[in-house]
Amino acid sequence: MFKFLNRKTSSCLLCKQEFVRLQSTVVAPQLRTTNTLKKAQFNLKYFYENADAFKDICTKRNTKYTLGEDFKELYDQLATIKQEVIDIKKNSKQYQNTLKKLVIQQKKEEADTQEQQKELHQKLYEFKPILKEKEETAVKLEDELNLRADGLPNLIAPVVGQKQKLVTYINPTPEILDFKDDDFPLSPDPKRDHKDIMERLNLVEFQQATKLSGRGWYYLLGDAALLEQALVQYALKLARKTGFKMALPPSIVKTEVTNACGFKPRDQNNEKQVYELTGDGLCLTGTAEIPLAGLYSNKEFNAGELPLELVGLSRSYRAEAGAAGRDTRGLYRVHEFTKVELFAWTINDVEHSNAQFDKMINFQMNFIKSLGLTARMLIMPFDDLGAPAYKKIDIEVLMPGRGAWGEVSSTSNCLDYQARRLTTKYKDEKTKKNKYVHTLNGTACAVPRVVLAIIERFYDPVTDSVLIPKVLRPFMDDKERITKN
């Protein structure tokens, strides 16, 4: 009637050998529930069915394929072990029911069922270590597969290609409009070098900052400091008008939150990206995106609360200021800066999150256009998306002194990449089931680079002054120009 399992049989020895082999292949899990975040859960069946697609995605993004070649084999083993656990529990239940019947039969009919009861007790006893072994193996194996899934990047939108694509220009010059190729040729104009201009006008101090803090730090002085505050207030005002609610997030978060958002302490070349506070499990945030995303970790929204839009202001810290050269000259690539960030949560629907994406892009375009800066908008290629982004659009401003386009804003649709790792969900109105939200982030204003662009674009060598964009003048004591302090 029942299939009795005996640990002394050859089949059980094979099971134990398989268990030992699995233990040797399983890496100690790193994903876990903490006081801050719940353990991330992934749809392993989805990755099993789409393993080849993710291998292609990793190749396109030039990143490691963390599932590994044995992912499908290990998944099949996990499925087998889980089924064996179910079967053992089912048989155990049947044995227990039979045991109860035998006890009742012995009492009512005075029949001797002691031997049968003893045999069943023995089988139930033998089940316990087998069940424990298989359950422990299943947990370890599932944790390992989840850890591998956690290392994968996001999907890639169909619009993204191998190379960056020009979408449009903002405030283009006649020369740019007449040029037929997308890559308009540029050359540096030493007269418009922002570092030289700002130092001559007493707007910045690099040398003393380097002595105090190291290369990549700076003082903004006088009207340059006022210009930063003007840009911040103007960006916040526009964001509020667009429907974003203000937030002032912390600039220090736990490293696990930074990791969950897709920011790693070191890049694939093992170069330091994030400032970590030694021994504290904390790091300085490189963008307000991280604490804003974490604001609703372990949260369940009602669908009617979405989309939710926040604009955050924070100091941002980047460890990778780069090697000495044009890209590190002056304010272009620094370790600490002020940044206004847009962040949004939507329901788990690409159409909805793409609509939110377009809204954020339009904000950025209007912001740059209103400042009178010439810029171009680009769809970024596979290898410039970053792990969390499904698609990303950058706006690069023309910087005449540098003789180059410089990125001043970036908007990403991350789908449920961050939400799954932060456990941010909502209850679907139709199915009444919990789903992971989509998250989006976008730069409202990365201050130093916009300051740089304004200085180089609006500098007048005749008067040795900088024309202030009209929209910023109300925030700069109604001044028209920046002159020597």
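The first residue you see is number 1, and the count goes up from there.
Placed from the backbone N, Cα and C atoms, the Cβ positions cover glycine too.
Please treat TrEMBL annotations as automatic predictions, because they have not gone through curation.
The feature domain 'Aminoacyl-transfer RNA synthetases class-II family profile' is assigned by TrEMBL to 193-469.
A sphere of 10 angstroms centred on the C-beta of N441 (L-serine binding site) encloses 26 other C-beta atoms. Under the heading L-serine binding site, TrEMBL lists T287, R318, E341, N441.
Under the heading ATP binding site, TrEMBL lists R318, A319, E320, V334, H335, E336, F337, E407, V408, S409, S410.
Summarising the environment of T443 (site 'Important for serine binding'), the number of other Cβ atoms within 10 Å of its Cβ, over all protein chains shown, is 27. TrEMBL lists T443 with the feature site 'Important for serine binding'.
Taking all protein chains in view, 25 other C-beta atoms sit within 10 angstroms of the C-beta of V408 (ATP binding site). Around R318 (L-serine binding site), the C-beta neighbours below 8 angstroms that are at least 6 residues distant in the chain are Q273, G286, R333, V334, H335, E336, F337. When Cβ atoms from all protein chains are considered, those within 10 Å of F337 (ATP binding site) total 22, not counting its own. Each residue contributes its Cα atom, and for E341 (L-serine binding site) and V408 (ATP binding site) these two points are 12 Å apart. Of the chain residues outside the L-serine site list T287, R318, E341, N441, T285, G286, A288, E289, I290, S316, K339, T443 have their Cβ within 8 Å of the site's Cβ mean position. With R318, A319, E320, V334, H335, E336, F337, E407, V408, S409, S410 listed as the residues that bind ATP, the site has a largest C-alpha separation of 19 Å.
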